[in-house]
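The structure under discussion appears below in the form of structure tokens.
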There are 4 protein chains.
Amino acid sequence: MNTFGKIFTLTTFGESHGAAVGGVVDGMPAGITIDTDFIQHELARRRPGQSHITTDRKEADQVELLSGVFEGKSTGAPIGFLVRNTNQHSKDYDSIRDLFRPSHADYTYYSKYGIRDHRGGGRSSARITLSRVVAGALAKLVLHQQGISIIAYTSQVGDIHLDGNYHNYDFNLIESNPVRCPDPEKAKEMEALIEQVKREGDTIGGVVTCVIKGCPVGLGEPEFGKLHALLGAAMLSINAVKGFEYGEGFAGSSWRGSQQNDVFLPANTTNQSSKPKAQSNHSGGIQGGISNGEDIYFRVAFKPVATLLMEQQTVNKEGEPITMDVHGRHDPCVLPRAVPIVEAMAAMTMLDALLISKTNRL
Amino acid sequence: MNTFGKIFTLTTFGESHGAAVGGVVDGMPAGITIDTDFIQHELARRRPGQSHITTDRKEADQVELLSGVFEGKSTGAPIGFLVRNTNQHSKDYDSIRDLFRPSHADYTYYSKYGIRDHRGGGRSSARITLSRVVAGALAKLVLHQQGISIIAYTSQVGDIHLDGNYHNYDFNLIESNPVRCPDPEKAKEMEALIEQVKREGDTIGGVVTCVIKGCPVGLGEPEFGKLHALLGAAMLSINAVKGFEYGEGFAGSSWRGSQQNDVFLPANTTNQSSKPKAQSNHSGGIQGGISNGEDIYFRVAFKPVATLLMEQQTVNKEGEPITMDVHGRHDPCVLPRAVPIVEAMAAMTMLDALLISKTNRL
Amino acid sequence: MNTFGKIFTLTTFGESHGAAVGGVVDGMPAGITIDTDFIQHELARRRPGQSHITTDRKEADQVELLSGVFEGKSTGAPIGFLVRNTNQHSKDYDSIRDLFRPSHADYTYYSKYGIRDHRGGGRSSARITLSRVVAGALAKLVLHQQGISIIAYTSQVGDIHLDGNYHNYDFNLIESNPVRCPDPEKAKEMEALIEQVKREGDTIGGVVTCVIKGCPVGLGEPEFGKLHALLGAAMLSINAVKGFEYGEGFAGSSWRGSQQNDVFLPANTTNQSSKPKAQSNHSGGIQGGISNGEDIYFRVAFKPVATLLMEQQTVNKEGEPITMDVHGRHDPCVLPRAVPIVEAMAAMTMLDALLISKTNRL
Amino acid sequence: MNTFGKIFTLTTFGESHGAAVGGVVDGMPAGITIDTDFIQHELARRRPGQSHITTDRKEADQVELLSGVFEGKSTGAPIGFLVRNTNQHSKDYDSIRDLFRPSHADYTYYSKYGIRDHRGGGRSSARITLSRVVAGALAKLVLHQQGISIIAYTSQVGDIHLDGNYHNYDFNLIESNPVRCPDPEKAKEMEALIEQVKREGDTIGGVVTCVIKGCPVGLGEPEFGKLHALLGAAMLSINAVKGFEYGEGFAGSSWRGSQQNDVFLPANTTNQSSKPKAQSNHSGGIQGGISNGEDIYFRVAFKPVATLLMEQQTVNKEGEPITMDVHGRHDPCVLPRAVPIVEAMAAMTMLDALLISKTNRL
């Protein structure tokens, strides 16, 4: 259950304070130029300590590709990779060895497996998502060649949220601020809010919006491989995610059909070969579980991280009350670093769907 | 891609106007008493024509179990089943043979496969969800024996929504009205709204809430088999679903960690064996992707169905403009009939997770 | 575990004396003309009662395709199908309800599941292989269009075996005799031997040889999807199969490398585009787990069926000794009817590998 | 397709001359004591250069476990591992960069992927089987705790083969000679033969026999997860394997049913709880695809390795004739080093089947 995908797959391993975090990418199409700088660049976007509003843990997060690449190109063989953990402060966690931290996976892991690596959250740590970023970067290299782009950004932090839809924003501004929000004014407000909750030892949630452009018609496999179901499963597998919606999502539940339907426009008379175009895209680029060639867009809800830098009440394995006072290095808000993870999961999902769609007809 | 699950699996087949709709359930634990009346009862909850606010299509939807049951008990062999389609009016669809209906799967299926069964939506019809209800009923029989119950209800239709959380409602009232809403007053308002949009030839969306009680600790398999990711994928595979959230969901994104954390309470001193209990359940019964023994609850957003009983503009395969005037039998609102489908998908997901969890330790 | 394949899949259901035997084929490429006469013809080759050397059970084995076909062509949707059981004599099996027949699956099924459908072997009956023949026929329709042919024949019955390799035989003669052996003289000997063991109430084993022609280069996915590993798994899943070998197989284990290597010949100087050709094909058309464009050939060993029409000693569930005297309708030798099953499994395997190979490069 | 298994899985990566060979084991039951010395000991049995009849390549083959183990026990998290390649002589392979060696995977890999890592066979090298030995050792640790043992040995090299069945041999003698044959006299003959073919620059094939003891009743999942089909697929995925048979195998094809049936004996009157016992085990411990509690035994045929230390004719990518004179470090016979690989694959298969069988009943 540590494998994602069907044809293009990622199998991951690693814990926060173990020797390394890594994985195996299988099903990478052969002949793709592997730009290792790009992979490292994507990791840098997820890296801890990248700004004053993320955790202070410093990690170079240098990836080593161990196989599957020959003379700069993918060979079709699996790509093994790892990132060594170098800056663990395992001692910081001695005090929680026998505790169950509130809203963490401590209790559930311990109950399920009868054993738990308590150091830094072990396997349940968000650190293990770096494997996804590596695999996502590989997928992006293929998708880029196919004209498919995937862009995510922070659209909400706490109560501060973007008002318009994605068309209103200049995606070039996303990386211009540490929050990864394409609205510079809102970005400043979000940053200030994150700084405030950090000062208070608290945390705050938010929403990431993701847009996929250039997707061909025909990706997604009904009945259980619907493209949005695959995207949803991918997003919900990210740590701290509590919700997923695409197209008009939850808000569209209160609409009427006559408002939400995307009415087709007649084909351009001078361009008979063009595919039908609708006057709107409330569907979010997917109809009947299959991409229709329009932009795919969706939103992902993140809860506030559970680790607080303040006193909390909890219990130990014996059920005895304990006052817990965590000192460590934690993100007050995961949103900025979640953006590349959302993109990575979307990229893997799209590439897998693209490859599977090659088998629909001979 | 027409198979759901890993150990307890459902593989489906069928189209709206084909000979039959059915499937194969594999991985059914052996020795379970198969209550065929219960299966038929669940189908009746999904059946068209069950009330004045659903489609007029009349179908007995009589299921035949073809295998896997011997002397009233499951044998561990796959359970094949089918429901004959008996009340197709395929002629009703002749006029749309060469059209692409707005926000339907007509265009995407045709583009993907180069061929399309246009009759009643073919494979993309919601009629095929009856296979899920059969499989879900089988799963419920097992879960019931394990003390796990799954209950869903309509919590929103259009702008009318329940205000409180599920604790405030008496689940016994859910089946007391055709909307399947546990609040009788709201149910009436919802019913009136559905009648109104039906009169207008329009449709309306809504939200289903689902609650799972009695789930043991330890279901769900990180990293990619997190319980809520599996539930989300299951729900998003249902026709017309546009969003999924669990626990505090999207709304919780604006909370602080100190508000959302579920703080453990000291164990009852007279009952040392009891599992830790928290003072809240904002997590929604799942932490780190693994069930913690609390109630699991989630919400599923449905868009308004795309088929309107009014004139709509669209195009044909040549991209020429066409005015479409559908006469047929359609649901103005899928919510009432979606409730048992949500339950069925939840039941399959939970049973699969339960079976897999048996392999965690020896 | 009742599903075969990864992209082109078959999920089966049914027992010998249940209502029906059938399955669901998923991943059938869209747009293929479905020749139902051909499917029925393949079933007739597996049908009981087809000659005096097979079982006397009479079954029309009429298949009904329930979905996935529209106006004579595959739509890409799953193809559900069933064959009703019509000629069960369940009473014949009353006497074995509490017995474990020697070398049957009675004891293992009962122990594994705690329950057992004793009628005609239940799920462990070879009758359920008819689902494979239906799916194999569908696969053959696709492979035929791609220029790939699959031919099997009986090459050994008891001690009577063909001496030369497959090049020495005229495949057109295979269906000219009830044994399905391309050597008419040997066929007569085999037939006589089968008649003799039948008279004695005994049974006899044998070997089926299978040859695949027209396979393109590049099918099979190392490391665990090697083409011959997939073929082997497919064959070993057939009832009564005890062995599989391809190329020079077991006999080649005593050769030297210098004898077994297939030495490449220089390309034809007038045909530079042709692929390299070797002077031999000891490899059996697969090298490193990937097809090389040469004929693929393999052999499948069948044990004598366990059901004897003579007195046998055995025990009941209490372990008490019982003398068993079976009267029923059984094959004295499965080989003639196994031939189409071997072909069907090979066809499914090859089509699945062909579809997967489409994802190797973009 | 580089993943083996369903619940207990191994995903591998690596090439002969890449940075490292390794993999990820997922589904390892939690709480198992991880004996790293034992894993290293198993690797030593596969290690090149272990005796004068294996390749001269010297590799320490030191495995590093990267995750999934905490304080000496498995945690239920995936176990990532790697073995660095340290003694590559990639230059040795420069001369074959543009050649297709006879009966190697050079031509098929190149055709399939359009690119090929020619160094030491790249991904198709038998070196990558060391990942299987690591995973197999982990599986053995679990099986040992469950009382299941797996022992393989060389039963044939060239024309020299053991005559009796496995009961006649003392398994303690297997590791007493470099051939891994339990018959010391035959072992000497085999060793002499291997030395002779080595001197001649040639290679020789053989057969490995494997015996599984202590297997509980009920492993294996019909219809396509039959235990012997899984074992067969596992064995056929090993480099150079050309055949698999279990129980009486190919030889049994010429037997009669009355000879091959395993007749049950009455239960011991003083021990009514014991399971039925048969007077023979021609079935090989598996009936109807499910283990029956008797010894499981099977044979695996290996061809002579294709790399000869003598002049061979072949062609280059342009199809031009080339005389190839390989100097390198190669095994004249893979059998001695194949023994631990066969055991490893059997161990993984059995553990996976054991875990899945936990889901048959609740």
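All positions are counted from 1 along the displayed chain.
Placed from the backbone N, Cα and C atoms, the Cβ positions cover glycine too.
Pulled from TrEMBL, these are the features on record:
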| type | residues | note |
| --- | --- | --- |
| BINDING | B:ARG46 | NADP(+) binding site |
| BINDING | B:ARG123, B:SER124, B:SER125, B:ASN239, B:ALA240, B:GLY288, B:LYS303, B:PRO304, B:VAL305, B:ALA306, B:THR307, B:ARG329 | FMN binding site |
| COMPBIAS | B:267-284 | compositional bias 'Polar residues' |
| REGION | B:267-286 | region 'Disordered' |
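Contacts of B:ARG123 (FMN binding site) defined by a Cβ separation under 8 A and a same-chain sequence distance of 6+ are given as B:GLY14, B:GLU15, B:SER16, B:TYR109, B:ASP117, in order along the sequence. B:SER125 (FMN binding site) has a Cβ environment of 21 other Cβ atoms inside 10 Å. Using a CB-CB cutoff of under 8 Å against chain C, none of the binding-site residues from B:SER125, B:ALA240, B:THR307 qualifies.
In this view, B:ARG46 (NADP(+) binding site) is surrounded by 25 other Cβ atoms within 10 Å of its Cβ, with every protein chain counted. By the criterion of other Cβ atoms within 10 Å of the residue's own Cβ, the least surrounded of the binding-site residues B:ALA240, B:VAL305 is B:ALA240.
Recorded residues B:SER125 (FMN binding site) and the residue listed as 'NADP(+) binding site' have their alpha carbons 14 Å apart, per Cα-Cα distance.
In sequence order, B:ARG123 are the binding-site residues among B:ARG46, B:ARG123, B:SER125, B:ALA240 whose C-beta falls under 8 Å from a C-beta of chain A.
In this structure, the binding-site residues B:LYS303, B:THR307 were compared by how many other Cβ atoms lie within 10 Å of their Cβ, and the smallest count belongs to B:THR307. Under DSSP, B:ARG123 (FMN binding site) is assigned to a helix (H, G or I) in the three-state scheme.
Between the CA atoms of B:ALA240 (FMN binding site) and B:ARG46 (NADP(+) binding site) there is a gap of 15 Å, rounded to the nearest whole number.
You'll find the Cα of the residue listed as 'NADP(+) binding site' roughly 16 Å from the Cα of B:VAL305 (FMN binding site). Counted over all residue pairs in B:ARG123, B:SER124, B:SER125, B:ASN239, B:ALA240, B:GLY288, B:LYS303, B:PRO304, B:VAL305, B:ALA306, B:THR307, B:ARG329, the record's binders of FMN, the longest Cα to Cα distance measures 44 angstrom. In the three-state DSSP classification, the residue listed as 'NADP(+) binding site' falls within a helix.
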